[in-house]
């Protein structure tokens, strides 16, 4: 959880942090390709293991002559001693230690105005240091780092698997009659040529067969699609580059992409592919077929206490998985949680998780808070507030899907543009849990202005639902449930800020946190006809469902009319966006060497 603090400007050793990220990537590759189990080997063991695996390839070392190195002490055959790109250049090995012990192996070029190397690091000016700690520079440096790691490991992996295929083919070929050998060799060579061509082919929109639309947002659309060669079912998000540039959303999209590529949790939606063309960018994510939690909540009204507790448990685990990656969501809503085929939830939509809100957004929220100073909010009972919210949902389908959006679940310090930490996500989850048990959000009003006013005066508005009417007695809260929500919806200094605090609260005393996905059957399990069943999403051929997106389409039309009057995004605006998820492709039998080509391995982050 401490990694959440990384969202602030970096004050420590940036080179060491980037080297740590490279180390994770390095270990992931080795484990994925079956070369070693990262946790069980030391760095020296890893180096020896790699040498054993790749020595038989008889690779010629690149730039191996001594004159290519500033000092003879730098020459090393170990892969883990290769220099890693970093905004603060250092000779770091995989463990983060200095690989080159000679403190004077770099020439002093300070007289020319260029940076000077000393004690293994570069002395930078104040202006250069300011650039180094910028989030954009950090990201670009990491992209460069990952690119070279991906490139060379994929090259080594290709050579290794090609040799394995050739060996298996030769073994099987000896068992075949002479009359068939020429034909089999020809087929083998043909497969290898196809394999090489496939490695050079860029992924494109045409590689996917769209099935039906399942979502629509202010900046793009989401489609259920099938990848033509692998038959993978994905949710393909398509966003226009010019629109993103005009609305200053490029950083948010890149943040979402970075989170998805980093995430390796059962609680977070997985990214399978990310690619782009001249007009659009594409995110192909795993398809979660059960719809979003908003739909489930709207159809259910009020959840029973043990059902609400189950979903709250999974939501806290999901947001903790995001926090452990070093990100804050800040804008959690029921729509951000999707229900999987098994009934368990996954967190998605990380576009605003960068930890940086644009000045325009902050200013607009401050203005909204000021505008509601004179708004007269009528006193309403809990029963009236629940009825108002349910009426709005039934009569105005746009209400819960507004592009502008009301701040029902957003912490006050975020709205005011003040400093905040990851506890703002616990505020949001407290609001969602309140809605699960009450049937309406704690600060909802009959209109958006009333909601803003309620949030500004949240201490007065936040009340425990209590019902005396016999028809509503079942909606009364348990004391431990109310106490828990009060620890989420409160001032930052008193608010829960860690999963450990949540787990230790009496309300969750009987929850088996380590085995939630196996120990409990979800209250709702989607009834699916096939892997491409999109029945739990809006039908975009239905006029009633499309009415929810009237405001979305109006905003898109307004943006489209404005886009041409502004400069287009720079060509490098989306650099480092491309991604393919990893899949093993080791040969398993000698017969496969003759009968079928191996599927091409997928690539990691590519420029």
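Easy rule for this one: first residue shown is 1, then count along the chain.
Backbone N, Cα and C define each Cβ position, glycine as well.
A quick note: this is a predicted structure, and the numbers were derived from the prediction, not measured.
Looking at 20, 56, 358, Swiss-Prot tags one of them with phosphoserine, and that residue is 56. Looking up 65, 125, 381, 444 in Swiss-Prot shows the phosphoserine annotation sitting on 65. Per Swiss-Prot, the phosphoserine annotation among the candidates 8, 60, 114 falls on 60. In the record from Swiss-Prot, residues 214, 215, 216, 217, 218, 219, 220, 221, 222 bind ATP; the candidate from 231, 237 listed for the same site is 237.
In Swiss-Prot, the feature phosphoserine is assigned, of 279, 342, 402, 438, to 402; the remaining candidates carry no such note in the record.
For the residues 86, 596, the entry in Swiss-Prot flags phosphoserine at a single position: 86. When each of the binding-site residues 214, 222 is scored by how many other Cβ atoms sit within 10 Å of its Cβ, 222 comes out lowest. The two recorded residues residue 218 (ATP binding site) and residue 331 (active site, proton acceptor) have their Cα atoms spaced 16 Å from each other. Pairwise Cα distances among 214, 215, 216, 217, 218, 219, 220, 221, 222, 237, the recorded ATP-binding residues, top out at 15 Å.
Here the Cα atom of residue 216 (ATP binding site) is found 18 Å from that of residue 331 (active site, proton acceptor). The two recorded residues, residue 331 (active site, proton acceptor) and residue 214 (ATP binding site), have Cα atoms 22 Å apart. Around residue 219 (phosphotyrosine), the same-chain residues six or more apart in sequence whose CB sits under 8 Å from its CB are 239, 240, 243, 244, 247, 249, 253, listed in sequence order.
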